[in-house]
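Single-structure report; data block below.
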Amino acid sequence: MAPWPELENAQPNPNKFIEGDSDPQSNAAAKNKETSKTDDSGTPVTKIELLPSCSTVVLIEEPAEVNDPWDLPELRDTGIKWSERDTKGKILCIFQGIGKFLLLLGFLYFFVCSLDVLSSAFQLVGGKVAGQFFSNNSIMANPVAGLVIGVLVTVMVQSSSTSSSIVVSMVASSLLTVRAAIPIIMGANIGTSITNTIVALMQAGDRNEFRRAFAGATVHDFFNWLSVLVLLPLEAATHYLEILTNLVVDTFQFKPGEDAPDILKVITDPFTKMIIQLDKKVIQQIAMNDPAAHNQSLVKIWCKTITNVTQMNVTVPSPDNCTSPSYCWTDGIQTWTIQNVTHKENIAKCQHIFVNLNLPDLAVGIILLTVSLLVLCGCLIAIVKLLGSVLKGQVAVVIKKTLNTDFPFPFAWLTGYLAILVGAGMTFIVQSSSVFTSAMTPLIGIGVITIERAYPLTLGSNIGTTTTAILAALASPGSTLRSSLQIALCHFFFNISGILLWYPIPFTRLPIRLAKGLGNISAKYRWFAVFYLIFFFVLTPLTVFGLSLAGWPVLVGVGVPIILLVLLIVCIRMLQSRCPRILPLKLRDWNFLPLCMHSLKPWDNIISLATICLQRRCCCCCRVCCRVCCMVCGCKCCRCSKCCRDLEEGEEEQDIPVKASGAFDNEVMSKECQDEGKSQVEAIGMKAMSDTTVF
């Protein structure tokens, strides 16, 4: 019997097995050496050399690790460690840290100021229209119409305090009842959450950051919408908020007190008042059907005025209209009396930049809207970059643990309630829930705060803004004290009721799951975030308001079938995910519908085609930016343009040759196999197919 052939170590050089190699002499020598080998019995021994595996097929497929997109990223410090720095480097690092901290405070200051100017711009653009929404008292008797009016007005003026103050004035003037004002307050609570959602759009450049930031912003939206869906029908049926607040006001004998502390306004007003000042009483006068207010400008011209009361002789229709019989006389033709006449005298003009320009309110509003959005976007980008450079290494670990770690067992459940108190306290300090939630949004985006921790902070922010309104109501004059306090308490108990619905039991924390789902969709199709804002905060309220103008029968006839259809879809979707067996085969998925009705992919293709001009290799703006960047840095080719960089990376990926996977765990052999060209791999494959046996 012939012995087994010798199996020596396989050589990782594939050139030895390619016919027609560039070194024939070495091949011939190797061949002579192989045939000269014999065993002890004189029988020639055949030697087989195993070829290294250069196949493009993966021999063993290892399961890929699935990364959770909601896991917080590791903010690693890529700079020089503190222990490796010399004395000069340590001093420089300290000054850099101080400089970054001061820059962060400066950008945060301008960020808050831009939010204030943005609110003023919205009031200039749509303030008078918002006042006209309130002027139709018959429509506001409908709770659904009152809800959407509150949403639209707050979106237009970008301030829930402004819309609430209008409602308070109307209730105090008996133009509106407390019962009709409660749905408007609920709508204002929804409308104020659009600000941090707009701020989240500024982080759309990075998909993961945008996913977290948009989910962190919309968790506020979903909490407000879900609370309204449950509490508005409950209030319409039982009027529990009206009864509860009336009982509280009657039980506690509140007296007018001092005004609420304006901590943030003291810092921002000196700067914002140099840009624009508004006369917000004009919106209230329009809401109260004052015809003279329609021609007044919202831009405040005179900041210092004096009101003089003088006695003047005036004519009256008859002696019955005289102030007193002793101050009434006739000259044979007319009846005269003495009345107190109020005369307003202007003393000093305001000092903002639009005081002498005589521009219409719409033009000033558009200018301020554009500038404030640019400043808001620039400050937000700078804040994110600075936080990304500061929150690294051990600092990031400490901050993450402090913000996201629960109390030890068995007190872990108290952590969320402490976060609610912290959110309420911070909002009370800055006097604005929009400022607090908008400042928290970039922190969620870069991964410092989790969505689960941001949710109770947002709920606390809702409570904080109502406590500010209660203090402001206590500072109201005696004539409006009761109405303003009752409305502020309605806002407070509405948010308390929402927290009791959607927070204590973990299963009921639906806003977190809904916000994460919307974040995933918006990260994949970023245009959907803009569609969400327009649809839920503009189109839907306008549609409901238009149907309300047509009357209850039209609103019910159109709204009820839509609501039933939505409920049916939700029920089928839940059954598809949990109990698909009980559904017919056709209803176990949505494939029986056209693709455009159950997938965003066709719509994404349409939007991509519509914006194809923006996806060129280098548009004019990119070329100009690249030229300027290259001139500044002095390089010949600078890949500063993102669209150019993405396209070049795509082309490089297409030109990458097919690389083989190693058959052995030998790194040297695997590297040598991968260094060979694609043509050599194909030659080896052809050789192996033709030579089925090697002797």
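Glycine is treated like the rest: Cβ placed from N, Cα and C.
Unlike curated records, TrEMBL annotations are generated automatically.
Look at TrEMBL and you will find 1-44 tagged as region 'Disordered'.
What TrEMBL lists as compositional bias 'Basic and acidic residues' is 31-40.
Long-range contacts of the transmembrane segment (101-127) within the same chain: residues 155-159, 162, 195, 264, 267-268, 271-272, 275-276, 278, 280, 282-283, 298-299, 361-362, 364-366, 368-369, 371-373, 375-376, 379-380, 382-383, 386-387, 390, 430, 432, 434-435, 438-439, each at least 6 residues beyond the stretch ends and with a Cβ under 8 Å from a Cβ of the stretch. Sequence annotations record features per position, and here TrEMBL assigns transmembrane segment to 101-127 (among others).
The annotation transmembrane segment is assigned in TrEMBL to 139-160 (among others). Using a Cβ-Cβ cut-off under 8 Å and counting only residues 6 or more beyond its ends in the same chain, the transmembrane segment (139-160) has close neighbours at 118-119, 122-123, 125-127, 129-130, 133, 166, 176, 180-192, 194-195, 228, 232, 235-236, 283, 433-434, 465, 537-538, 540-542, 544-545, 548-549, 552, 555, 559.
Counting residues 6+ beyond its ends, the transmembrane segment (180-201) has Cβ neighbours under 8 Å at 115, 118, 140-141, 143-144, 146-155, 158-160, 163-164, 167, 170-171, 210, 213-214, 216-218, 220-221, 224-225, 227-228, 231-232, 235, 241-242, 376, 380, 433-434, 437-438, 440-442, 445, 462, 465, 487, 490-491, 494-495, 529-530, 533, 537, 541 in the same chain. The transmembrane segment annotation in TrEMBL covers 180-201 (among others).
Away from its own ends, the transmembrane segment (362-388) comes close to residues 75, 100, 103-104, 107-108, 110-111, 113-115, 117-118, 120-125, 199, 202-203, 209, 275-276, 299, 354, 442-443, 445-446, 448 of its chain (Cβ-Cβ under 8 Å, at least six residues beyond either end). Annotation source TrEMBL lists transmembrane segment at 362-388 (among others).
For 409-430 (among others), the entry in TrEMBL reads transmembrane segment. Within its own chain, the transmembrane segment (409-430) has Cβ neighbours under 8 Å at 112, 263-264, 436, 453, 455-461, 463-465, 467-468, 499, 503, counting only residues six or more beyond its boundaries.
Same-chain neighbours of the transmembrane segment (485-505): 164, 167-168, 171, 178, 181-182, 185-186, 189, 223-224, 226-227, 230-231, 241-242, 244-246, 248-249, 254, 416, 420, 455-456, 459, 462-463, 466-467, 469-470, 472-474, 476, 511, counting only residues six or more beyond its ends whose CB sits under 8 Å from a CB of the stretch. As annotated by TrEMBL, transmembrane segment applies to 485-505 (among others).
Within its own chain, the transmembrane segment (525-548) is flanked in space by residues 133, 139, 142, 144-145, 147-149, 151-152, 155, 187, 191, 194, 197-198, 200-201, 204, 207, 210, 214, 218, 221, 225, 518, 554-555, 558-559, 600, 603-604, 607, which lie at least six positions past its ends and keep a Cβ under 8 Å from the stretch. Sequence annotations record features per position, and here TrEMBL assigns transmembrane segment to 525-548 (among others).
The transmembrane segment annotation in TrEMBL covers 554-575 (among others).
Proximity of distant same-chain residues to the transmembrane segment (554-575), defined by a Cβ-Cβ separation under 8 Å and at least 6 residues beyond the stretch ends, is recorded for 142, 144, 544, 547-548, 582-583, 587.
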